[in-house]
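> Pasting a structure below so you can have a look.
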Amino acid sequence: MYSSSRYYVYITSFISQILSFVCGTLLTWSSPMLIKLTDLTDNPLDEIVPSTSTDSSLLGSLLTLGAIFGSFFFGILAGKIGRKPVLLSLGVPFVISFLMLAFCNKIGYFFFARAFSGFALGGVFTVIPMYNAEISEKSNRGMLGAAMNCFITLGLVTTDILGPYVPWIWYHIIMAIFPAVFIVLFLFFCPESPHYLVMKDIKKAEESLSTIRGTTNVKNELDEIKETVEKAQGGSFMDIFRSKGLRKAFLIGVGCIFFQQFSGINVVLFYGQKVFEDVGGGMPSAFGPIILTGVQFTTSFITPIASDRSGRKILLIISHISMAVSQVFFGLYFFLRDNGTDVDNLGWLPISTLILYTLAYNIGSGPIPWALVGELFPSNVKDLASSGVSAVCWICGFLITQEFQTVVDAVHQGPTFWIFAVFGVVATLFVCFFVIETKGKSLQQIQDELDS
């Protein structure tokens, strides 16, 4: 069923990341699709959905609400039945959700489809980092972990390019093809994680590792995996808080994800088109999100290479500092505009600062936290800890997408983006003092450093 090649680990990772691509299309779905639901030109519903309505807000936030529950459900399930069966099952909700969006014409079905796809999305962000960390070697683990962001940004730019122009029904039919293809490819070409199999069947673990490495000479690595797993036998969620090393790992994971979300990224992804409408600048509003996601996709290839050379920590520091600076100037534009200053000659400022923000997010704050989540936790609590970190991500994302407009109404747009900038400064300090460097270290070496 499986071939044997030293490149097989990259093929396996590539196939698994099809789900990350699907998640990217869902994360930016609101930007072009909510525009379509406000008129009758390409509206599949029996009614118009005003952009300021509760229905419109729910279509954006139900994705993250579903992801909160999916994070725990699929993370725990991955520890019980394995990474491969769970990843295969994740393709099914995506197919169903896209087909519901294509063929249903009631807003209630749309709510269900967004929540159901969010349920699977939470599982992807929990299990994909886990799976890729476990099939990789220390020399390429940073690359394979950060590659998740490449596929997410490809999904973002795909939706921003196709969403405004492809008819509603055909767009969602096309999107349903990708998770269906993933199910077939992953079923026949990708093995189970050797780390999971070591806990269940050592012979199958050796076969899996031999397939992934493209060689039968895997005894030393298999022994190291066995040692790591045996040291971490039997784990519960409370074990995370009983061990100094696990407490530190959980703090790093939760902290990095918290600051990732409170950098304001979901405002850019979910409401990118509306932000560009507010800015103006003489270009069609649909072009703004395309520019931003295009920058994200183009720069997403930097981190997989740089993270195994320069390290994870320095990329996070550069990322958060740059995002904070860009949010200061982005907020300044809106502050000047809202206080009566003529900003006609400053149209370049919000565009350029958003591009800087997107670039900065993409080299550190976006991909690195998920790579760290796959590296920091031992096998006995990896499913539970990863679920907890992923749930924090989507709780924060839900709060931000739900309350962003409320905060803007209270303090206006300028100060709102300055709040995000403050979080960026605090995030920089957090990384400097709490995050450990994992570059070039085996999973066991990382555990030893956390315990020291």
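Every residue number used here counts from 1 along the chain in the order it is shown.
A Cβ is built for glycine as well, from the same backbone N, Cα and C atoms used for every other residue.
Among the features that TrEMBL reports, transmembrane segment is placed at 7-29, 58-79, 86-103, 109-131, 143-163, 169-190, 249-271, 283-302, 314-336, 348-372, 384-404, 416-436. Annotation comment: TrEMBL describes 9-439 as domain 'Major facilitator superfamily (MFS) profile'.
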> If you count every Cβ pair below 8 Å, which range out of 7-29, 86-103, 109-131, 143-163, 348-372 shares the most with the transmembrane segment (58-79)?
109-131
> In the same chain, who gets a Cβ under 8 Å from the transmembrane segment (249-271) while lying at least 6 residues past its ends?
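For the transmembrane segment (249-271), the far contacts come to 27-28, 30-31, 60, 64, 156, 240-241, 292, 316, 320, 323, 327, 354, 357-358, 361, 365-366, 368-369, 372-373, 376-377, 385, 388-390, 392-393, 396-397, 400-401, 404, 417, 420, 423-424, 426-427, 430-431, 434-436, 450.
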> Applying the under-8 angstroms CB criterion, which one of 86-103, 314-336, 348-372 scores highest with the transmembrane segment (143-163)?
348-372
> Average pLDDT across the domain 'Major facilitator superfamily (MFS) profile' (9-439)?
86
> Count the Cβ pairs between the transmembrane segment (314-336) and the transmembrane segment (416-436) that lie under 8 angstroms and are 6 or more residues apart in sequence, then report whether there are at least 3.
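Contact criterion met.
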> Would you kindly list the residues that approach the transmembrane segment (109-131) from elsewhere in its chain, counting only those six or more residues past its ends and only Cβ-Cβ distances under 8 Å?
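Result: 16-17, 19-20, 22-23, 26-27, 29, 45, 58-59, 62-75, 78, 83, 86-87, 90-94, 96-98, 100-101, 145, 148, 193, 370-371, 373-374, 382-383, 386-387, 390-391, 393-394.
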> Thinking of Cβ pairs under 8 Å, which stretch from 86-103, 169-190, 416-436 has the most of them with the transmembrane segment (7-29)?
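Per the Cβ under 8 Å count, 169-190.
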> Is the transmembrane segment (86-103) packed against any residues at least 6 beyond its ends, judged by a Cβ distance under 8 Å, and which are they?
16, 19, 22, 44, 74, 77-78, 109-110, 112-114, 116-117, 119-120, 123-124, 127-128, 131, 168-169, 171-173, 175-176, 178-180, 182-183, 186-187
